[in-house]
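A.B. asks: Copying in the features that Swiss-Prot gives for the protein in this structure:
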- 133: active site, proton donor (ACT_SITE)
- 161, 190, 213: Mg(2+) binding site (BINDING)
- 235: active site, proton acceptor (ACT_SITE)
C-alpha cells in the first residue's frame, strides 16, 4: 500500500546572501515523503533562484502531479531537474539503494573576512581544503585575499568559484596578485570567465586549473579531457535524477577529472542526502556542502555538529 506526503517550507537566510546580484532572504522548497508498507523515503525539491530553470511554484505543480501518478502505480521520473532529483532520492531511500554512509567533511566556505577562514582551518584535521567565492569584488582584491590565504597556510588547497564573473582582463588582474609559486595549490577555479573559450585561455595563460560548473547544464557540453581543466562541480538539484548525477560522475572519473558533489543551498535534510551521495559516488573527494550556516534553522534531519535549531516535520505546511 502506497502513501505520500508533500510539505512546503521556507527558511530565513542570514543577511548578506546574494545570488546573481539578488539578495536571498528566504530559502523556499518542498519535501516529499513516500511510504510503501513499512518503508519510507524522503526527498527535497528546492530550485535555486537565479540558477534553476524552474521556480518552486512550478516545481510544486510538477511534484504534486507526479505523486498522484506514483500513488496510482506509475514510477516514471519527471523531467524537471529539481523534482527529478528530490523524487529519485525519495525512491532510493524507499528501495534502500542510497547508502547510509555519509561524508560530512565539508570544504569551509569563505564569504567575507579571510581571518575567519584561517581560524576555522587551523582546527581542521587532515587535508586542508577551503572554498572562496571570487568575482564579487574587484579582481585585484580577490587575488590579494587568495594569495594571503595560501601564504598563511602552507598546506592549504583552495577551490575558487567565479561564477563566470570575469572578463579576460579581470582574470589576468586576479592572477597577477597570486604568487606563481602558490598557484599549484589552487585546486581549481570554477568558470572564471563568461565563455568557455575565455576560461580555457585563462587556464593556459596563468597555469591555474579550472573546473566546469554551469557548463555541465548547457546543451552543447561534452565530457572531454582538456588542458587546464581539472574538475567538474556537480550540483544535483540543478542536474536531475540520481542516475544522471551518477552518469556525470562516472564520465568525469573516466577522463581522470575530479568530480565534486556540491550544494545548491539545500536545507539540512537535502545536505545530509548530498553527504551520502558524495560518500557513495566520490569517496575520495571532500564535497562542497558548507552552506548550512547561511540559514537560520535546520529541518527534519540534523547536520552532525550543527547548533542551529531544528524545525520538525509537524511544523511544516502540508500540501498532501
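Even glycines carry a Cβ here, placed using N, Cα and C.
Keep in mind the model is a prediction, meaning the values are calculated, not measured.
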A.B. asks: For the C-alpha pair, I'd like the distance in angstrom between residue 190 (Mg(2+) binding site) and the residue listed as 'active site, proton donor', rounded off.
C.D. replies: 9
A.B. asks: Fewest other Cβ atoms within 10 Å: which of the active-site residues 133, 235 wins that one? Let me know.
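C.D. replies: Counting other Cβ atoms within 10 Å of each of the active-site residues 133, 235 gives the minimum at 133.
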A.B. asks: About how far apart, in whole Å, are the alpha carbons (Cα) of residue 161 (Mg(2+) binding site) and the residue listed as 'active site, proton donor'?
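C.D. replies: Distance (Cα to Cα, whole Å): 5 Å.
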A.B. asks: Rounded to an integer, what is the Cα-Cα distance in Å between residue 213 (Mg(2+) binding site) and the residue listed as 'active site, proton donor'?
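C.D. replies: With distance taken Cα to Cα, the residue listed as 'active site, proton donor' is 14 Å from residue 213 (Mg(2+) binding site).
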A.B. asks: Do me a favour and check the Cα-Cα span between the residue listed as 'active site, proton donor' and the residue listed as 'active site, proton acceptor'; whole Å is fine.
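C.D. replies: Distance between the two Cα atoms comes out at 16 Å.
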A.B. asks: Of all the binding-site residues given, 161, 190, which has the fewest Cβ neighbours within 10 Å once its own Cβ is left out?
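C.D. replies: Among the binding-site residues 161, 190, the lowest count of other Cβ atoms within 10 Å belongs to 161.
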A.B. asks: Neighbour count, 10 Å Cβ-Cβ cut-off, for residue 213 (Mg(2+) binding site): what number do you get?
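C.D. replies: The Cβ of residue 213 (Mg(2+) binding site) has 24 Cβ neighbours within 10 Å.
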A.B. asks: When you average the Cβ positions of 161, 190, 213 for the Mg(2+) site, which other residues in that chain have a Cβ within 8 Å of that mean position?
C.D. replies: 159, 160, 162, 163, 189, 191, 211, 214, 233
